[in-house]
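Take a look at the structure below.
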Amino acid sequence: AGLFSWHPLLMALAVSLLMTEALLVFSPEASPLRGRSRQAQARAHAALQALAVLCAALGLALVAYHKHLHGAAHLRTWHGRAGLLAVLYAAGQALGGLRLLLLRPGAPGRLRLYHATAGLVGYLLGCASLVLGMCSLWFTAAARGAAWYLAVLCPVLSSLVVMSQVSRAYLYRKRSQH
């Protein structure tokens with residue numbers, strides 16, 4: 001269990017804490033950076049996302065190594081496949097965001113909208129992978145009854161909050177400008 005136990009911790013840290021906070025850094029209601037410049041918020045977002053991708057990549061590497069040591073098959077479950085896709089997607093999205101930050105600091109709203117929408121898709125994929133992991137035999141043995149339902153509720157509720165944040169920040173504002 002030694003190496004394996006780091007996998008759920010790092011993945012939960014990556015998605016539930018770091019990615020969630022990275023996305024909410026732009027929230028006018030809840031961000032500790034509200035009132036700061038858009039550039040300061042974008043840099044904080046980039047730093048949190050970079051940490052999230054690092055934690056997720058390390059979590060993925062540790063579970064792959066653990067499976068290798070025990071001769072277990074890789075990517076045989078929906079959780080494993082969704083998790084790999086989520087980590088790869090997050091890394092690609094982070095590279096795209098870095099490109100926006102460095103090469104186009106005053107990127108037009110259209111590019112930010114595409115990045116935010118694609119980021120939301122990746123975040124939802126990460127949350128779905130967490131929920132699928134909570135359906136595993138390992139997790140259901142560790143968390144039973146109400147504890148399991150509370151654990152599943154966390155990524156579900158954070159997904160709703162983040163979807164609302166992105167919708168209000170981009171979709172509703174864009175419609176009202178026409």
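Think of each number as a place in line: the chain as shown, counted from 1.
Backbone N, Cα and C define each Cβ position, glycine as well.
The domain 'Cytochrome b561' annotation in TrEMBL covers 1-173.
Annotation comment: TrEMBL describes 6-26 (among others) as transmembrane segment. Note on the transmembrane segment (6-26): residues 33, 41, 44-45, 48-49, 51-53, 55-56, 58-60, 62-63, 66, 83, 86, 90, 119-120, 123, 126-127, 129-130, 133, 139, 154-155, 158, 161-162, 165-166, 169 of its chain, located 6 or more positions outside it, place their CB under 8 angstroms from a CB of the stretch.
Only residues 6 or more beyond the boundaries of the transmembrane segment (46-66), in the same chain, are considered here, and those with a CB under 8 A from a CB of the stretch are 3-4, 6-11, 13-15, 18-19, 21-22, 25, 72, 74, 83-84, 86-87, 90-91, 93-94, 97-98, 101, 126. According to TrEMBL, the feature transmembrane segment maps to 46-66 (among others).
According to TrEMBL, the feature transmembrane segment maps to 78-101 (among others).
Feature annotation from TrEMBL assigns transmembrane segment to 113-140 (among others).
For the transmembrane segment (146-166), the list of distant contacts is 15-16, 20, 23-24, 26-27, 116-117, 119-120, 123-124, 127, 130-131, 134, 139-140: same-chain residues at least six beyond its ends, Cβ to Cβ under 8 Å. Annotation comment: TrEMBL describes 146-166 (among others) as transmembrane segment.
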| note | Near the transmembrane segment (78-101) in space but 6 or more residues beyond its ends, with Cβ under 8 Å, are 11, 14-15, 19, 42-43, 45-46, 49-50, 52-53, 56-57, 60, 107, 111-112, 115, 118-119, 121-122, 125-126, 128-129, 132-133, 135-136
